[in-house]
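Undergrad: Feature annotation from Swiss-Prot assigns compositional bias 'Acidic residues' to 69-82. The site 'Interaction with METTL3' annotation in Swiss-Prot covers Tyr145, Asp241, Arg244, Arg297, Ser398. Feature annotation from Swiss-Prot assigns region 'Positively charged region required for RNA-binding' to 244-253. The region 'Interaction with METTL3' annotation in Swiss-Prot covers 254-257, 277-286, 307-311.
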Amino acid sequence: MNSRLQEIRERQKLRRQLLAQQLGAESPDSIGAVLNSKDEQKEIEETRETCRASFDISVPGAKRKCLNEGEDPEEDVEEQKEDVEPQHQEESGPYEEVYKDSSTFLKGTQSLNPHNDYCQHFVDTGHRPQNFIRDGGLADRFEEYPKQRELIRLKDELISATNTPPMYLQADPDTFDLRELKCKFDVILIEPPLEEYYRESGIIANERFWNWDDIMKLNIEEISSIRSFVFLWCGSGEGLDLGRMCLRKWGFRRCEDICWIKTNKNNPGKTKTLDPKAVFQRTKEHCLMGIKGTVRRSTDGDFIHANVDIDLIITEEPEMGNIEKPVEIFHIIEHFCLGRRRLHLFGRDSTIRPGWLTVGPTLTNSNFNIEVYSTHFSEPNSYLSGCTEEIERLRPKSPPPKSMAERGGGAPRGGRGGPAAGRGDRGRERNRPNFRGDRGGFRGRGGPHRGFPPR
């Protein structure tokens, strides 16, 4: 109880500090001097209305007086204006508000609280709106969902038990033929060094940039399995369209867009180098996900487990010059696809990971051996990590398809052009050859009976 009370007090203290900064007060204790109460605001409005009313009434009265006494109306009106205007300025002067910040124009101006106007809060404080998303990290994301948290724990244990030893190969994809890996991969993660990353960070790159024409020339279609997935980091600019073109060229269909949202809680107000091709500062990146072959979540539970994670990654923005992607992308891929043949292109020493083959030009060493790597998948279906009964029970699944009886149907009903066209027996009779129609129980034309029988 004491810890909970202490937490509430700390939040209240932080809230008062933010309000003091927002309202331009010297300290959190002086917020009351800056804010006006509702009674004071009402009194100010009444005084203003009185001043305006007295000014509006005084001028016509002076004009009528001039006309009654026969004096020159223009001279008297000018004299009255000179008498009234200084008085109006003196009366209304003390009540003119000086806007020190944008607090008056925020949502809910009657209380002068910032409420949830996160865009204006960013302008005033430098805190990005995504800083206030709750439970964004891996540790506390499923804190209120014990079933999902248990599922994640069980899947992590299974993945760590079935992962292959980490392997890595120092090679430049520009000159290295990927077909020499002699393996068809279930998952391929591509992290090309785009020029966009270095333009935003304002640093000089140690490796050459890759344009989208070079990325499209990669032989991804030659090293991907019949049913497989590719994850392509494409930045936040022109790569969103050009990345889709790459997926189509490699034989993949775009099925998802994983968005990395960058927060600045530790360094609010920090401004990045503005990209000359952008109007605003970009605070997110995209990872396009492509699918090859036929994979259905309802029938291919041995290969994919859908809806285990979300399609958002919310982490703190890396330091200036750091272009590494969040490690959470590996968790998303491993939780989703049960294939164990995983390839990471353009990897670095910091991204070497169990269960993955890392290939990149900046790696400092190599331990990849084709024969050793192939032995991990020599048995039938050994490329799959498998699934336990508990994981199968906890994971989200598609609802089972309803049977004909549950949908309220018995025998197939007639339709247009189907085997039972029309309605009931008449539709089935119509499908017989040489059918001429029955009317009133008597067949065709002529004969002893014509037309309908008498009633």
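Glycine is no exception: its Cβ is also placed from the backbone N, Cα and C atoms.
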Undergrad: Which residues of the same chain, at least 6 past either end of the region 'Interaction with METTL3' (254-257), have a Cβ under 8 Å from a Cβ in it?
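TA: Hits for the region 'Interaction with METTL3' (254-257): 244, 247, 286-291, 311.
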Undergrad: Nearest to Tyr145 (site 'Interaction with METTL3') by Cα distance: which of the recorded sites Asp241, Arg244, Arg297, Ser398 is it?
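TA: Minimum Cα distance from Tyr145 (site 'Interaction with METTL3') across Asp241, Arg244, Arg297, Ser398 lands on Ser398.
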Undergrad: Cα-Cα, whole number of Å: Asp241 (site 'Interaction with METTL3') versus Arg297 (site 'Interaction with METTL3')?
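TA: Rounded to a whole number, the Cα-Cα distance is 27 Å.
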Undergrad: Sort out the sequence-distant neighbours of Arg244 (site 'Interaction with METTL3') for me: same chain, 6+ apart, CB within less than 8 Å of its CB, listed by position.
TA: Arg254, Leu288
Undergrad: Would you kindly give the Cα-Cα distance separating Ser398 (site 'Interaction with METTL3') and Arg297 (site 'Interaction with METTL3'), rounded to the nearest Å?
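TA: Computed Cα spacing between Arg297 (site 'Interaction with METTL3') and Ser398 (site 'Interaction with METTL3') is 7 Å.
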Undergrad: Would you list the DSSP helix, strand and coil counts for the residues of the region 'Interaction with METTL3' (277-286)?
TA: 0 helix, 3 strand, 7 coil
Undergrad: Can you count helix, strand and coil residues in the region 'Interaction with METTL3' (307-311) using DSSP?
TA: 0 helix, 0 strand, 5 coil
Undergrad: In sequence order, what residues of the same chain, 6+ apart, have a Cβ less than 8 Å from the Cβ of Ser398 (site 'Interaction with METTL3')?
TA: Arg297, Ser298
Undergrad: Over the region 'Positively charged region required for RNA-binding' (244-253), what is the model's mean pLDDT?
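TA: When the pLDDT values over the region 'Positively charged region required for RNA-binding' (244-253) are averaged, the result is 96.
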Undergrad: Could you tally the C-beta atoms, other than its own, that fall within 10 angstroms of the C-beta of Arg297 (site 'Interaction with METTL3')?
TA: 14
